[in-house]
Structures are given as structure tokens and as C-alpha cells.
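**Q** Let me give you the structure first, and then I'll get to my questions.
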Amino acid sequence: MPHRTLSDSGVASHRRPLLDSIDSPRDLRALSESQLPEVASELRNFLIECVSQTGGHLAAGLGVVELTLGLHYVFDTPADRIVWDVGHQAYPHKILTGRRDRMCTLRQKDGVSGFPKRSESEYDTFGVGHSSTSISAALGMALAAKQKGERRTVIAVIGDGALSAGMAFEALNHAGSMDIDLVVILNDNEMSISPPVGAISNHLARLLSGKVYTSMREGSKSALAGMPHLRHLVGRWEEHMKGMLMPSTLFEELGFNYIGPIDGHDMGSVVRTLRNIKDMPGQRLLHIVTKKGRGYEPAEGQPTTYHGVTPFDQRTGELRKGKSKGPSYTQIFGGWLCDAAAEDARLVGITPAMCEGSGLTAFSKRFPDRFFDVGIAEQHAVTLAAGLACEGLKPVVAIYSSFLQRAYDQLIHDVALQNLDVTFAVDRGGLVGADGATHAGSFDLSFTRPIPNMIIMAPADENECRQMLKTGFEHEGPAMVRYPRGSGPGVAIDPKAPALPIGRGEVVRRGQRLAVLAFGSMVAPALEAAESVDATVANMRFVKPLDTDLILELADSHEILFTVEENAIAGGAGSAVAETLSSHGRVVRCIHLGLPDRYIDHADHREQLAACGLDASGILASLRAELESAGWTQQDDGEPARRHA
Ligand SMILES: Cc1ncc(C[n+]2csc(CCOP(=O)(O)OP(=O)(O)O)c2C)c(N)n1
Ligand SMILES: CC(=O)[C@@H](O)[C@H](O)COP(=O)(O)O
Ligand SMILES: [Mg+2]
């Protein structure tokens, strides 16, 4: 049993003599194998302590404690490469690879990233955050090693949820036909964020129940050798051999040597199996069975809730909720979706594995036959919607902005080019805080704007979000509403509020000389900034079609225009305004505020906005700088006045 002490806060904290001696995997490898279970216990407790204070991804990391220890114990990392899929389960890996003392800075400004990051450590072989890239990247590394004549093992660790994506199968398909040494570890916890879906998941379940024949090639037999608890599997194999009626595993059909399933929490089995497969040649896939949230009762019981958490009370597991300003945009969307579905039987809702995060839980319960969780398969989600629309249904695709990047061709080729009636509820548009650059919705306005037929809206507040969803849904063609993570300024919802006239913005503050053309989440800080310098502010509402009349009117009645958006400046809404001005022959100074041409690291969302000059004081500083350089000074009453020569 681990020793327990009480910290200042009264929270039980565990002594960790072994873990504290591990500053790198070399230290771990100096321990005896019999000490590993104790290290696992210390590591698990430390992980819970850390995440209870910082928040972050918890349940997945708890499930791979033994696997992580086994990998760093058996393989010669960092010379051997471990490629984590998604990377949300990599906190134990970070703790063992020299970042233990910095884990209290997890996902905070200048702190440890929540995902593997090449610039952070030589042990982070591949930057991740988005799912299902590990096998492709690992295959690339293995091929590079072969080309360069270097001997190393490359190991991809992929979850059963991540395995549902096309990319994973593209990589298996390629790898399976190559003359290459590659290890794929399938971490099967029978969970994605929510319960996994689909036929692959059913296949894995059949593998676990022993209903699929494993061919037990020589390699697999030797990998499992010396494991008495796995004898029953061999017995089953013999039974299957007699009948020869059972299908073999999908992985064997794809050219992999399938090994497993083994218990991923049995430290001894994990180490022995990894040792055995270490020197096997060719492509091998080790199937390990783990429990998401393992070792922490609240997380084992509610793996979806504890997938990603706010700070929590370690003793009770109770999550500490921040002060809520009101419903989040996600909740506004979820409420609208249910109301719209009740009114229109043609509405169907689609999510690529983000039911809870996208606000679809209530809809999935109320309208189970009209709800499609397609797994981590963004491309499929979008083309599925196109097919449904072809037959007269009205699909709503709920998708995070950064994950929509995966489905760009499907958006263009399958939906927009055919002008199909699909509504996109694009959540997490803009910076997202602690998840950092991988998850930031920095580009959606830039990459959707050039697509003909698209209608693109960005709400300034909650009620407008609902109105825009209604507008997009009623429009018979592709439309998207992009809204940020979290809550808005707190405007009450009017469920009866009408749809908006397409392509019309509105002036929300009349000032003089300076006009700020604000998009979506930037309307509120722009208004705040404008008060101090008496600037005009327009809520542009539509990125496409733009309100050309309004832009020209503002250009003609002001001396300097500003555009402001929570999207990359490059190619974004401000660029669209500039194109409109120049195509109408307006020569007016126009300053573009938005995300700069670099990636914004993890930090609190407010810190991120401030770093980009997109909070009220940053916007005000930009307005003032222009006033200054134009030779305008500010009078005491806040009105700008021409400086006397
Ligand atoms: C392309 C993409 N889509 C969706 C997500 C969101 N996401 C992160 S983890 C996860 C579930 C992954 O399940 P699995 O691979 O089984 O890992 P587990 O959490 O069970 O360990 C999802 C859907 C993502 N990171 N990337
Ligand atoms: C790892 C991953 O991709 C998700 O868990 C993501 O971190 C969720 O983000 P939200 O917290 O914004 O739903
Ligand atoms: Mg899983």
C-alpha cells in the first residue's frame, strides 16, 4: 500500500519515493521489474493529484499507466520512438520523461502542453492533438529509419476510438503491404469520449470475447509464451482451428501479426509481452485491454465526464465549476437543435464522436433515430450529410472548427459544389484556451470563405446564435454558424426570434471618424473599446455574403476602418472586407485585427486574446495608435480632435 500524507490543503497526497527518483526513462530502467507495480501506483496517484489541481485529460492517462511504464522500461526511448495517438493520454509519459516537476503548470501559459509536442521534449516524437495520425507518422519514421540504415523500434499507440478514423486504416493498409518493422499497440478500453460506435468497435468486442479466430502464427505464439493466464486463449484458438469457421482478425487480413488480447493493467504481462514482441520482425499489432479511468473510482465510473475535467476535489471527485456567465454557445446550439427537430421531422443531427462536447446529448436522447454519431470520422460525417440532403432530409453537422479541417474536400466537393442543404454548427471557432494550437479554430473563416454557395455567419451573442442557426437551417443550401468555446455576453434567448435577413449587418454604435467592423465574438470587446474613442461599431453578422452596402456606407462616412475577428487575419473576414473595398474603388485606410500568422500556445482564453490584442484593451490600443499616427488627439470628453499644427 502506498504511504499517505496530508498536504496543507488537507488533501491526501501520496509519498512517491520511486517516482521521485525517475527523472528520465533511464532511471526507470535501472529499477527491478518487481518494483514496477509500486511505480505504477505512485504514478497513478501523482497523475490524479496533478490533474485535480490543473484540470485536463484524466481518464485516458489513468488507463495507460502500466503500458507507459512498460514501453519506457522495455524499449530504448528516445532512440526507439513512441508515437501517441491524440496525445491526451500522454501525461504519464510526460511525468516519466523529465517533466514531473512541471506538471503543476499543465496547459497553463508557458507551462507543459496537454499534448506531446516536439519542441517540448525529445521523447515527444510527434506533435498531436487531433486523432488517428499515429500509425501514419510511425510508419513514416520506420521507413526513414530503414532508408537511413538505423535500427530502432517505432511504436504507434492508438485507442479503439481513434481506430475508427479513415486515416488509421489508410495507414494500416499501407503498412500491411510493406517490408517494414512496425509495432502498433491498440489500447482498447471500449470507450471513445462516449461509448464507441461502429462495426470496428463490434469487431474488437468480438475479439475480446474470443469469438474471432486468431491464427496464432509462430510470432504470436512466442509473444504470448510463458503466460499461463493466456492459455485459455490458446485453447480457444485450437477450438477454432478445428472448425475453421470463424473469421480471422481484421488486422491479420491487413498483414499484421496480431498478438493479444492481453490485460493492460497486469504489469508483468505487459512487460513480458513487450519484450517478446520487441525483436519480432515485421508488422505486429498488440491488442491490450485497459479500463479508462483505472484506479480512480469517479473516473472509472464516469469515464465520459472524466475524459477531460476542470480542477476537482481529489477526495470526492467533485468537479470545480468556474463561475458560469450563463449558457454556453454549445448549450444554445443544443437547445435550438431540439426545438428545431421537434418542428421539422426532416432534421437529422450528426456528430463525429463529439456528442457531449458539441451539445448533442439531449437531442440524442429525444431523437435517437435522427441522431448519428459516426465515430472519429469527420470526412465521412460531412459526406454522409450530403447523401442525406440528396434525399430531402435536412442534416445538421455539429463539428469543432479545428476538426472540420479534416473534411475540407468533403465540404467543397460533396456539399457546396452540389449546393446541398446542410447546416454546419461549427463550435470552438476561435482560440480555445488550454488545448492550445492543435484545437484552436483559427482558420475556418479563411478556409470556408472562398467556397461558392456557402453562407457563413458569426454571432455576436447567444440570441443571435440561435437566430443564425434558424437562418442557416431555413436556407436551402450549405450554411454555417461558427461560434466560440464557452459563453457569450449573456444576452437572453428569445425562442421566437426570427431568422435574420441574409447578408445584412447592423450598426450597433454610431461614432465618428473610426469605424470598427466586428465579427462574432469580437463585437462585445469592440463595443467596449469604441466607447473610449467614440468609434462606430458594426456587427457584421455575415462573413459571406458580406453586407456590401454597409461596408461602403461606413467607408464613405469614416476616415479609418478596422476589421476585427477571432480568426486568422490571413484570408479571414477582414480580407473579405478589403476585397469589397478595393473592388468598389474605395481607397480608405483599413486595419485588420485578428489572429497573427503564428500558432497561439495553450493558455487561458483571456490571456490568449490579450496576447493577440483582441481583448477590449488591445482593440482600444490599436484604435488609439491609429488616432495618434493620423494626427488625432483625444479631448477630455473622449471625442477625437484634430491636433493643431
Ligand atoms: C480528428 C479528431 N476528432 C475528434 C477528436 C476528439 N477526441 C479526442 S480523444 C477522443 C476519443 C478517443 O478515443 P480513444 O482513441 O479510444 O482514446 P481513449 O480516450 O479511449 O483513451 C476524441 C473523439 C480529436 N482529438 N481529433
Ligand atoms: C483530446 C480532445 O480532442 C478532446 O478531449 C478535446 O480536448 C475536447 O475539447 P473541449 O474541452 O473543448 O470539448
Ligand atoms: Mg478508447
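Placed from the backbone N, Cα and C atoms, the Cβ positions cover glycine too.
Below are the features listed in TrEMBL for this protein:
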type    : residues                                                              : note
BINDING : HIS88, GLY129, HIS130, SER131, GLY161, ALA162, ASN189, TYR296, GLU378 : thiamine diphosphate binding site
BINDING : ASP160, ASN189                                                        : Mg(2+) binding site
DOMAIN  : 327-491                                                               : domain 'Transketolase-like pyrimidine-binding'
**Q** Taking just the CA atoms, what is the gap between GLU378 (thiamine diphosphate binding site) and ASP160 (Mg(2+) binding site) in Å?
**A** 16
**Q** Fill in the CA-CA distance, ASP160 (Mg(2+) binding site) to HIS130 (thiamine diphosphate binding site), as an integer in Å.
**A** 15
**Q** Tell me, by DSSP, whether GLU378 (thiamine diphosphate binding site) is helix, strand or coil?
**A** helix
**Q** Cβ under 6 Å from ligand 2: which of the binding-site residues HIS88, ASP160, GLY161, ASN189 qualify?
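**A** Only HIS88 qualify.
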**Q** By a 10 A CB contact count over all chains shown, which of the binding-site residues listed here is most packed: ASP160, GLU378?
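**A** The residue with the densest Cβ neighbourhood is GLU378.
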**Q** Among HIS88, GLY129, HIS130, SER131, GLY161, ALA162, ASN189, TYR296, GLU378, listed as contacts of thiamine diphosphate, what is the widest Cα spread in Å, to the nearest whole number?
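**A** Across HIS88, GLY129, HIS130, SER131, GLY161, ALA162, ASN189, TYR296, GLU378, the widest Cα separation comes out at 32 Å.
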**Q** For ligand 3, list the binding-site residues among HIS88, HIS130, ASP160, GLY161, ASN189, GLU378 whose CB atom is within a distance below 6 Å of it, in sequence order.
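**A** What lies within reach of ligand 3, judged by Cβ under 6 Å, is ASP160, GLY161, ASN189.
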